[in-house]
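Asker: According to TrEMBL, the feature active site maps to Glu130. Sequence annotations record features per position, and here TrEMBL assigns Zn(2+) binding site to His129, His133, His139. Feature annotation from TrEMBL assigns domain 'Peptidase M12B' to 1-201.
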Amino acid sequence: KSLSDLIIYLATMLNAVELRFLDMTDPMITFQLNYVMTDLNDEVLCWKDGQVDINATLEIMKSLAMKEVFNRCDIAVLMTSEDLVYFEDEEIGSDADGVAFTGGVCGAEKVAVVEDTPYTYNGVHRLAHEVAHILGASHDNASALEKFPGYPGSESCPWSHGYLMSYCEGRRNRYKLSNCSRNQVRFIYRTLRKECTDVSEEACYTSDFYPGMNITRREFCKLMHLGEPTAKPKHKRSSRHEQCRIKCCWKYEDFVGVCQVHYMSEGLKCGPSKTCKRGVCARHQWNKSIRRSVQTQHTNLIPSNKAF
């Protein structure tokens, strides 16, 4: 689709990311889309053996940040639909879907790489996780980072509780920062310059929408399983929907049924007059924002506290 569609998509995704930070105080955290650069894949993605090396790509992003390519933004994220992998000793390792530097906001390490499938918003959770790293949060149940003297560890926040900075299944906790993560973000915030914490740029675009708005659950399943025309919810109504989760099923080779459970997108209808918000199915109020004109730039560039 058009470049304007892309910008609206990114702004809508950012709305969903911001919901993960609602409990954060001192400072409160909000996000805005300042700048969109396109046509960067050939210059930024590092290919090895037909795969994208996520660590090497992050280093390229860092080198661009050092050249002030992203000087209009406190955080710069490369969003890509390419498959990302870790390389270990020049050998292909495990699949990856995101990487960032911890505590790099406003500096050369303010960068991240995140995988997202177009139209699906399935990169929202990963984007929120990587942005939290850049703002200063390490993983839960981790020791303090030596790079930042006085930086608090997160040993008191169990991995098993499943907050945003854990990969463990956490249901509603996955939409929130743990107390440890919030304290780490506060620590990094206190080290930042005033020109970083002050808002000096106007957003290039703001969206009224959240990813699940204006679509049905059936349409959600079709988006999550593009190329599967029979994809639909297993049940029209289900107790799982009240937990903001949905089982999508489709036919495989015309006779075998395949199903997968997903978390519902923010704003998706989960019951009569109810929508999902941060994993809670209820009658939520959704704040509206003012739309601004879309500003874009096509750019072709010639160009370890790393966390995943």
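Here the Cβ of each residue, glycine as well, is placed from N, Cα and C on the backbone.
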Asker: What average pLDDT does the predicted model assign to the domain 'Peptidase M12B' (1-201)?
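Answerer: That region's mean pLDDT is 93.
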Asker: Among the binding-site residues His129, His139, which residue has the fewest other Cβ atoms within 10 Å of its own Cβ?
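Answerer: His139, out of the binding-site residues His129, His139, has the fewest neighbouring Cβ atoms within 10 Å.
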Asker: What's the CA to CA span in angstrom from Glu130 (active site) over to His139 (Zn(2+) binding site)?
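Answerer: Distance between the two Cα atoms comes out at 10 Å.
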Asker: Where does His139 (Zn(2+) binding site) sit by DSSP, helix, strand or coil?
Answerer: coil
